[in-house]
Amino acid sequence: MTRATSPAQPLVEAPDQSSRAKRSYTLLAGCVLAGLIFLLALVSLFWLPYATDDTSGGRLTGPATDHLLGTDKLGRDLFTQAMTGSRIAVEAGLGSVLIAAALGVTLGVLTAFAQGWLDDTLSAFLDILIAFPTLLLAMLIVAARSATLGSAVLAIGIAQSAVVARLVRILVKRVLAQDYITAARTSGTSWPRIVAGHVLPNIWPTLVVNLALQFGLAVLAEAGLSYLGLGAPPPSASWGRMLQEAQATFTTAPAGALAPGILLVLLVIGVNLIADGLRDTLDPATRRRRA
Amino acid sequence: MTLLDVRGLTVRTADGRTLVDDLSLSVAPGERLGVIGESGSGKSLTTLAVLGLLPEGMTATGSVELGGTQIVGASEKRLTGVRGRDAAIVFQEPLTALDPLMRVGRQIAGPLRQRRGLTGGALKRAVAEALEQVRLPEPGRIARAFPHEISGGQRQRVALAMALACEPKLLIADEPTTALDVSVQADMLALIDTLVRIREMAVLFVSHDLAVVAKVTDRALVMKDGRAVEEGTVDEIVRAPREEYTRTLVASARKLESALAPRSAR
Amino acid sequence: MTPAVEATTPVLELDDVALRYRGSTAPVLQDVSLAVAAGHSLALVGESGAGKTTLLRLLLGLARPTTGTVRFDGEALRLRDAKLMRRFRGSVQCVFQDPYSSLDPRRRVGATVAEPLRSLGIDSRRTAAPKVAEALERVGLPADAARRYPHEFSGGQRQRIAIARATVCDPRVLLADEPVSALDVTTRVKVVDLLAELQQERGLTIVMVSHDLSVVASLCERTAVLERGRIVEQGDTAQVLGDPAHTYTRRLVDSVPRLPV
């Protein structure tokens with residue numbers, strides 16, 4: 001038997017550290033992309049190139065110096081619409097996620113603590129809510145109230161809260177099984193204090209990442225609903241509505257559809273990148289290794 | 001001829017920490033070697049390196065020759081050929097070593113079909129035999145059970161049966177009894193001892209527990225911080241440890257044992 | 001009834017306790033009676049499934065027996081009696097087996113150790129600090145440990161942190177659930193020594209659940225052997241482990257692997 005010459009392998013260039021660096025680039029890239037949209041949304045609150053109902057620009061002009069993205073079929077400035085659309089998208093994302101977080105965390109924590117029949121009932125309720133189509137929920141809410149951004153956000157928020165609740169339930173159960181919870185109990189810590197002091201801090205990182213993802217989904221859902229006419233009513237220009245209005249003239253004047261489409265993609269990719277980047281930056285163990 | 005020949009094995013993490021440092025050991029066919037070390041000593045990584053199973057991001061340098069095959073730097077295809085045929089491993093926690101969603105019988109059948117080309121009735125008989133030889137009661141019932149449906153001791157026996165199924169020349173056992181109750185541990189150690197003797201297999205037995213290692217092997221290597229501290233017969237190591245670290249280790253074990261020993265001697 | 005037994009009331013006592021989980025036919029514990037005398041140490045020995053953990057939960061006031069009584073200082077333990085439970089929690093503390101699961105990874109060690117003081121309303125954050133420092137020092141940890149996170153410590157150090165938490169409020173009883181079985185042999189000896197020291201210097205009553213007979217033998221005066229939810233044998237540790245009366249105990253003792261002489 002001849003001995004194979006030992007194939008001394010060169011050490012791989014610390015991929016661990018470079019991947020960590022990559023992660024912080026991910027976060028940065030995400031912040032830049034999403035930040036761009038947030039900036040547009042913020043500026044739209046104070047300044048717009050044209051009024052939203054200004055139809056003086058001529059119809060479907062195409063990009064020019066006075067109308068950066070051109071005008072739509074009614075002569076309204078597309079850039080103005082894209083800006084108000086950004087505002088609506090951000091509002092929709094934040095509003096839905098706030099509702100989803102508030103409702104979802106409360107429900108999730110409650111179901112994690114529930115036992116026996118109560119646990120079964122609450123779980124079944126969540127499963128139904130998850131299976132219930134957001135579209136149908138939105139139609140019901142619009143029927144009960146009216147077609148506004150608020151109705152759309154409420155529908156999306158409620159639908160997402162079920163998903164968040166189920167995640168929170170699993171996360172809380174996992175934390176409750178830890179010995180430090182038993183230690184807290186034998187130290188006389190009350191349940192509310194255990195939830196606030198041990199459970200929430202420990203589920204927080206995973207929750208935040210998930211909520212960032214939900215933000216992206218909410219933005220998409222709002223665009224979908226307003227495309228169907230279930231979102232903010234005219235003249236407020238949501239991206240979904242812009243897409244819908246530009247659909248007929250897409251071949252002749254593509255800017256009307258491309259602008260909201262691209263902005264939508266940028267925002268969703270942006271928040272997803274942020275979610276990715278957040279994943280480890282929130283862990284004290286990785287924080288230490290970085291230092 | 002040696003069955004396992006490790007020369008200057010060094011395992012490093014991606015960020016350059018050395019976890020196993022210039023380790024050399026050899027096991028002849030039919031020989032039993034114990035590796036003793038505490039957590040972080042690199043003993044488990046050594047066993048993984050022997051089978052080319054190091055976790056991602058870790059790199060091995062040096063030479064590990066198993067049954068004439070160079071493991072360090074070998075292709076995955078080559079390694080698959082070696083694993084099972086030349087060496088098989090039993091881990092500490094049988095629950096993680098077994099697929100939770102597959103019935104025990106099918107898990108044992110896998111390697112038997114692959115290695116020995118058995119099918120149909122022959123395969124079924126081989127599975128039953130494999131379960132019987134590790135002294136599992138009601139092999140029929142166990143074969144149909146899922147891993148979570150049997151006890152920890154039974155799971156470890158199943159894992160042992162899987163490791164032995166392909167009749168490897170070397171059995172690697174990494175803390176195989178640490179997760180078990182004392183009385184179950186005693187049975188398991190006796191079982192490993194007998195089965196290995198019958199098959200004239202070599203054993204690389206890894207544990208933090210000197211007394212457990214002493215039950216199975218006659219030669220042992222003490223590891224600390226990735227390095228070999230001392231090597232010799234178990235008797236030598238226990239009776240006349242040469243190195244400071246080994247002395248501490250033996251003294252600690254003795255101290256705990258002494259609390260029990262004089263009283264039970266009465 | 002001998003006067004010697006009558007003289008002191010046991011700190012913790014189980015009186016003919018049985019526990020059966022909802023929906024299961026076989027009880028986890030049955031006919032269990034035992035008493036923990038103040039200042040003495042008791043080991044509960046048995047293998048997995050013997051009911052050790054359940055017994056511990058009863059002694060910790062985390063579960064209620066199906067029948068029978070748990071007594072604390074001679075008084076029946078009522079889990080809903082907030083005042084009694086507060087006194088109980090301040091007197092009975094616990095150290096767990098897994099030093100990784102028993103410390104909240106997102107809390108600084110100082111806050112973890114201070115938890116009993118804060119939760120029992122004994123101290124504010126400020127007044128707790130010196131007691132925490134003292135407790136950490138007592139278990140042999142550096143003073144700056146309080147500002148660090150659990151992941152910066154080894155398994156043995158983490159177990160010391162857990163012991164500091166369990167002793168910071170000056171309890172009378174320390175329940176320990178396999179306190180050293182997750183540790184290396186050398187660390188194990190040190191932690192056993194620490195527990196013995198606490199027991200002697202502070203007159204701590206220790207109740208330890210363990211399957212490790214050598215640890216039991218080095219730490220506890222009395223031993224109760226548990227098999228399938230019943231106590232099969234109890235008495236002085238030397239007697240029980242040295243000359244087992246029950247076959248199960250004998251099998252346990254004989255199973256302990258020993259070093260070649």
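Placement of Cβ uses the backbone N, Cα and C atoms for every residue, glycine included.
According to TrEMBL, the feature domain 'ABC transmembrane type-1' maps to A:86-275.
Counting same-chain residues at least six beyond the ends of the transmembrane segment (A:27-50), those with a Cβ under 8 angstroms from any Cβ of the stretch are 56-57, 67-68, 76-77, 79-80, 82-84, 86-87, 89-91, 263, 266-267, 269-278, 281. Taken from TrEMBL, the feature transmembrane segment covers A:27-50 (among others).
What TrEMBL lists as transmembrane segment is A:92-113 (among others). Within its own chain, the transmembrane segment (A:92-113) has Cβ neighbours under 8 Å at 119, 122-123, 126, 149-150, 152-154, 156-158, 160-169, 171-173, 176, 191, 195, 199-200, 207, 211, 214-216, 218-219, 221-222, 231, 238, 267, 271, counting only residues six or more beyond its boundaries.
The transmembrane segment annotation in TrEMBL covers A:125-143 (among others). Panel annotation: around the transmembrane segment (A:125-143), residues 107, 111, 151-152, 154-156, 158-159, 161-163, 165-166, 169, 221, 224-225, 228, 230 of the same chain, lying at least six beyond its termini, place a Cβ under 8 Å from a Cβ of the stretch.
Annotated transmembrane segment per TrEMBL: A:149-168 (among others), in sequence order. Among residues of the same chain six or more beyond the transmembrane segment (A:149-168), those with a C-beta under 8 A of the stretch's C-beta atoms are 88, 91-92, 95-105, 107-109, 111-112, 126, 129-130, 132, 134, 137-138, 140-142, 203, 206-207, 210-211, 214, 217-218, 221-222, 225-226, 230-232, 236, 238.
What TrEMBL records for A:207-230 (among others) is transmembrane segment.
Residues or ranges marked as transmembrane segment in TrEMBL: A:250-275 (among others). Under 8 Å from some Cβ of the transmembrane segment (A:250-275) lie the Cβ atoms of residues 26-27, 29-37, 40, 60, 62-63, 69-70, 72-73, 78-79, 81-82, 85-86, 89-90, 93, 209-210, 212-213, 215-216, 219-220, 223, 239-240, 242-243, all in the same chain and six or more residues away from its ends.
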Exercise. Excluding the flanking five residues on each side, which residues at least 6 beyond the ends of the transmembrane segment (A:207-230) place their CB within less than 8 Å of a CB in that stretch?
Worked result: 88-89, 92-97, 100-101, 105, 134-135, 138-139, 142, 147, 149, 151-153, 155-157, 159-160, 163-164, 167-168, 171, 238-241, 243-244, 260, 264, 267-268, 271-272, 274-276, 278-279, 282
